[in-house]
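For 1-19, the entry in TrEMBL reads signal peptide. Per TrEMBL, the feature domain 'FAD dependent oxidoreductase' maps to 5-324. Per TrEMBL, the feature FAD binding site maps to T43, S44, V166. Look at TrEMBL and you will find Y223, R278 tagged as D-dopa binding site.
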Amino acid sequence: MAAPKVAVVGAGVIGLSTALCITETCPSCSVTVLADQFSPNTTSDVAAGMLIPHTYPGTPIHVQKQWFKETFTYLFAISNSAEASEAGIHLVSGWQVFKNTPKEELPFWSDVVLGFRPMSEAELQKFPQHQFGQAFTTLKCDCPSYLLWLEKRLKATGVQMYTRRVADLWDLRSEYNIVVNCAGIGARQLVGDENLFPVRGQVLKVHAPWVKNFIRDGDGLTYVYPGLPRVTLGGTREKDVWSLSPDPDTTQDIFDRCCSLEPSLQEAQDIKVKVGLRPSRQCVRLQKEVFSQGGLKLLVVHNYGHGAGGFSVHRGTAKEAARLVRECIATLHGSSLRAKL
């Protein structure tokens, strides 16, 4: 059988890292990335890129932990390499603070990040509104840099990338043997997934180079995440809101909330406002499906619905999607063998 042709639909962090894992897992494949938007115009470009997991109610915790661990290990190796600055990946230390002690003082990911511990009384004095906190070191991605680094890696392995709006996965059947759906919020229309909904996130990117430590309110709504070029201030979680237009009142509210955690941000300069739609559902959709019409079949692998947690688990879910692609290739080989017999 000729080299299987695989199309990955979507060029955010999930699509690009899935394409890269497929080239690593199935080197005999011909891989193409198709997307209507590439960086800097993807939802991933808006993301803060902090590795602090979001919990998916519909996914077993041990699976989520595995995805996070694989992602952390992968990015930690990059952060310790000569490619760290080009890939936009660096370690950042800081605090997660709570107004009331949480039920779960040790989150499932506490032994994956570095140096996780309860905050000391002296540290908590910085946050008079909060009575409990956790200190740890994690990884931060500068998302636009990381997406460009992934694109460069893909091009080096011969992956083709085309700007193309895919309205129906079946349309790709004449050109590709396997289609991988990493369309993010676009999957709602693309495959009619009513379980997928947008959670609108508005963030500010500001110039405040003196801010070195991250601060995250335990509810996950207010956060200060220092990056290499800019500090990300957030945020919002607005379920079922599709608007991509920045809201000035929300901008002021985010700024005020973040200044209450880090008063020096009053001096921040050059405030840029970004909006993205997180593709959210109860659990990440990571599975194979066979489309069939009139006796013809198309093998599809889905990898979407990461919501607020895409960066924290992107490499782990990409590896799982690549494994499913490998199973699809085995199915193709089996059917071509049967056809010869």
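Cβ atoms are placed via backbone N, Cα and C, with glycine included.
All TrEMBL annotations are machine predictions without curation.
The structure displayed is predicted, hence computed values, not measured ones.
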Checking the binding-site residues T43, S44, V166, which are within 10 Å of R278 (D-dopa binding site) at the Cα level?
-> T43, S44
Which residues of the same chain, at least 6 past either end of the signal peptide (1-19), have a Cβ under 8 Å from a Cβ in it?
-> 26, 28-35, 37-39, 42-44, 47, 143, 146-147, 150-151, 154, 159, 161, 166, 169, 172, 175-184, 186, 190, 303-304, 306, 310-311, 314-315, 317-318, 321-322, 325, 329, 332-333, 336
Taking every residue in the domain 'FAD dependent oxidoreductase' (5-324), the average pLDDT works out to 96
If you count the other Cβ atoms within 10 Å of each Cβ, which of the binding-site residues T43, S44 comes out on top?
-> S44
How far is it from V166 (FAD binding site) to Y223 (D-dopa binding site), counting Cα to Cα, in Å?
-> 35
Cα-Cα distance, maximum over T43, S44, V166, record's FAD binders, Å | 19
Between S44 (FAD binding site) and Y223 (D-dopa binding site), what is the CA-CA distance rounded to a whole number of Å?
-> 18
Counting only residues 6+ apart in the same chain, whose Cβ is under 8 Å from the Cβ of Y223 (D-dopa binding site)?
-> A48, M50, F214, I215, R216, D217, T232, L233, G234, G235, C258
When a 10 Å sphere is centred on the Cβ of V166 (FAD binding site), how many other Cβ atoms does it contain?
-> 19
